[in-house]
Amino acid sequence: MPELPEVEVVRRGLQSHAVGAAIEAVEVLHPRAIRRHILGSEDLIGQLTGQTIASAERRGKYLWLVLEPAGVGLVVHLGMSGQMLVQPPTVDWEKHLRIRLALDSGADLRFVDQRTFGGWSISPLVEVDGTMLPESVAHIARDPMDAAFDLESVVKVLRGKHTEIKRAILDQTVVSGIGNIYADESLWRAKIHGNRIAESLTRPKLRELLTAAHSVMGEALDQGGTSFDALYVNVNGESGYFDRSLSAYGQENLPCPRCGAPIKREKFMNRSSFSCPRCQPTPRARRIA
């Protein structure tokens, strides 16, 4: 699933190429693409047609378009393979095109999703801490790239967590935007093993970790995000290249860029964790009461 940098790349593209355009027509080409919109395709088409895309917004890994004058959010779930592409209408339809918007700018806004895990839904906007969010996103915490991110408050929350630190920073209600890739990269930079218990870490160490998350995601954003295959692209269909700069994630048996020890892979939930056994020693006590 795309993480914060990849979603932000898409958001910026939509802000540049779709915002300000009115929606003239809507085609829903696959029912799974709107399964989260429980009122169905006719309702979604009716709510979208005639609306203007006022802005493209993001919180963590969640993306939405603000529509006016209705004042609602079109929530875009990218899933594992979702793409938002701005195309001239003369370009042939993509094989896995699921939804197409015809804009008054003369362009198409196309939702392409090979694996059909993603989709669109319309949600009312609600105010949370001075920010308007789709109701379905209201429970999501601010992310480290958010100008209003309160580092000390998050440190305090993490200090109260009796769980592995990696699991804690993947909790989108604590801090959003961090997924498996950037969790491993941030933990590597802060020299923390993901199995360390959050409450056992000092406040300075937690600040270091969250600062590392901000830095690594900022660097990834500058490089267009991380693309392991052709499915993670921006609105112009271009892939990012931060995967070439990864220090830990996916680097099993390669030398740690800091100390030279081979990076190791461990099972974590239904995924994998990558870390340096020398820079990030495994904690002695891993059990949680």
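We number each residue from 1, going along the chain as drawn.
Yeah, the Cβs are placed from backbone N, Cα and C, and that goes for glycine too.
Features of the protein shown, as given by Swiss-Prot:
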type	residues	note
ACT_SITE	P2	active site, schiff-base intermediate with DNA
ACT_SITE	E3	active site, proton donor
ACT_SITE	K61	active site, proton donor
ACT_SITE	R271	active site, proton donor
BINDING	H96, R115, K161	DNA binding site
ZN_FING	247-281	zinc finger
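Sequence features, as recorded in Swiss-Prot, placed on the structure.
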residue: P2; record: active site, schiff-base intermediate with DNA; Cβ neighbours (10 Å): 27
residue: E3; record: active site, proton donor; Cβ neighbours (10 Å): 23
residue: K61; record: active site, proton donor; Cβ neighbours (10 Å): 22
residue: H96; record: DNA binding site; Cβ neighbours (10 Å): 18
residue: R115; record: DNA binding site; Cβ neighbours (10 Å): 12
residue: K161; record: DNA binding site; Cβ neighbours (10 Å): 17
residue: R271; record: active site, proton donor; Cβ neighbours (10 Å): 12
Reduced to three DSSP states, the zinc finger (247-281) has 0 helix, 12 strand, 23 coil
Please report how many Å separate the Cα atom of R115 (DNA binding site) from that of E3 (active site, proton donor), as a whole number. 17
I'm trying to understand the geometry here, so how far is the Cα atom of E3 (active site, proton donor) from the Cα atom of H96 (DNA binding site), in Å to the nearest whole number? 22
By Cα-Cα distance, the member of active-site residues P2, K61, R271 nearest H96 (DNA binding site): P2
What does the structure give for the C-alpha distance between K61 (active site, proton donor) and the residue listed as 'active site, schiff-base intermediate with DNA'? Integer Å is fine. 7
What is the maximum Cα to Cα distance, in Å and rounded to a whole number, among the residues H96, R115, K161 annotated as binding DNA? 42
